[in-house]
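Trainee: I'd like to ask some things about the structure below.
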Amino acid sequence: MTKKLYIQTLGCAMNERDSEHIIAELAQKERYDLTDDPKQADLILINTCSVREKPERKLFSEIGQFALHKKQGAKIGVCGCTASHLGGEIIKKSPHVDFVLGARNTSKITQVLHTPKAVEVDIDYDDSTYVFASPQTMGIKALLNISIGCDKKCSYCIVPFTRGKEISIPQDLLLNEARKLAAKGVKELLLLGQNVNNYGVRFSVPHEKVDFATLLHNLSEIDGIERLRFTSPHPLHMNDEFLAEFARNPKICKSIHIPLQSGSSKILKAMKRGYTKEWYLERVAKLREFCAREGREDVGISTDIIVGFPGESDADFEDTLDVARQVRFDTMYSFIYSPRPHTSAYNTESSLLVDSEVAKERLATLQNLHREILAQKSQDEIGRVVEVLVENHHKQERWSEGRSDHNRLIKIGNFVGDIGEIVRVKITNAQGGSLSGEVIAYA
Ligand code: SAH
Ligand code: SF4
Ligand code: F3S
């Protein structure tokens, strides 16, 4: 008899990928089917994020809610980054929890399931060569982890303490997995890692020397894989070889996430990011120059920004606005600094802390600026012809939707065909940040 699994996933794409692995392992080895109703579930999993304080604070009230409404005998497990961070404390604080599985220990899911009160949170554990069960159903897009952990120690960030040191997954395993995915109909791969362009820095098995540009090139040679995306590269490792491969390889989508964090060189230094405002702007200029040489003026750039980092003055924040104006990001994820345990910025002296009202105002200013820039950029898109992978198709209502390779979501009015097709679309309309257009050619 099959059992039911309910899984709630918070956090980044790496957690999403870990959830996919857990679902596939439990389906294949323990006969669990997914349900979206926690009341029906035999197993409730919360896959958590620790990157900011708020979601972490909510964990215990969520466990309480699940415990109140769950089926009798149903188990509750806590996985992911908060599991790594709080470990056994979770079970001490909440007796409803049956096991705790750290973000670095995902491959042990079937073990902890059968070990009452198990706590598996070793951040030195290495499952970089573990081959997870395959998911039963597959769409046209898939996630693929290329490395685990992170060697950087950005002074605000808890991730190195929840996911451990950086290890790259052997290239052969990645190429095999990508071939399997292509055979199942996957057209677009999103490569995942905290520092994807540091790929090859260290393997846990003997391995030839290989860098990220080479990996991208080799993946792009696989028949059936039409598009490659990746997240996140680090500005420090954006060398010319990588930028050249990015610009010239037609299978690499012309959109890139380049986390800025701050536009002030002083704050970047305090954050231990390893680059300056000038370095960041120069790398972006080089990227655009390389892409323009290949006829691609429209490369999409997204970013992450933290406001209110300790010591951030009005002038520092002005530098962040200045970079936002110069780069004109297509997508911006912006956050107020949240102090995290273990990190080197955690115990900053109170005189450096930014008043929370000031931080909120800065966030609003930055987000307003971004909205204005995006609306202008969207107007510039009108008339452009872009390649779109159709992801949604509503025949009756006569509209479809997909992402352009420069990562804009585009509504299409006249598409006739099937999900998964790549078509050429002329952009005809822009409203705020939304774009729509018409198919002008099928593949
Ligand atoms: N490896 C990625 C980041 C992963 S964390 C990189 O280097 O860009 C995702 C984002 O969360 C970060 O880019 C940062 O903007 C944000 N973040 C991390 N720690 C934070 C903190 N303590 N407070 C607020 N935002 C934070
Ligand atoms: Fe965190 Fe920095 Fe590593 Fe990104 S590079 S995961 S921000 S420590
Ligand atoms: Fe991702 Fe959150 Fe962990 S951002 S790496 S799930 S702390």
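Just so it is clear, glycine is given a Cβ too, placed from its N, Cα and C backbone atoms.
In case it's useful when we look at the structure, here is the feature table from TrEMBL:
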BINDING   CYS12, CYS49, CYS81  [4Fe-4S] cluster 1 binding site
BINDING   CYS150, CYS154, CYS157  [4Fe-4S] cluster 2 binding site
DOMAIN    3-118  domain 'MTTase N-terminal'
DOMAIN    136-377  domain 'Radical SAM core'
DOMAIN    379-441  domain 'TRAM'
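In terms of burial and nearby residues, how do these features look in this structure?
Mentor: Secondary structure at CYS49 ([4Fe-4S] cluster 1 binding site), as computed by DSSP, is coil.
Counting Cβ atoms from all protein chains shown, CYS150 ([4Fe-4S] cluster 2 binding site) has 21 others lying within 10 Å of its own Cβ.
Summed and averaged per residue, pLDDT over the domain 'Radical SAM core' (136-377) gives 97.
DSSP labels the residues of the domain 'TRAM' (379-441) in these numbers: 3 helix, 38 strand, 22 coil.
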Trainee: Quick one: DSSP breakdown of the domain 'MTTase N-terminal' (3-118) into helix, strand and coil?
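Mentor: So the domain 'MTTase N-terminal' (3-118) is made up of 57 helix, 27 strand, 32 coil.
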Trainee: Measure from the Cβ of CYS154 ([4Fe-4S] cluster 2 binding site) and count the other Cβ atoms within 10 Å, all protein chains considered.
Mentor: 22
Trainee: Please tell me which one of the binding-site residues listed here (CYS150, CYS154, CYS157) sits closest to CYS49 ([4Fe-4S] cluster 1 binding site), measuring Cα to Cα?
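Mentor: Answer for the nearest of the binding-site residues: CYS157.
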Trainee: Quick one: which of the binding-site residues (CYS12, CYS49, CYS81, CYS150, CYS154, CYS157) have their CB closer than 6 Å to ligand 3?
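Mentor: By the Cβ criterion, which requires under 6 Å to ligand 3, the hits are CYS12, CYS49, CYS81.
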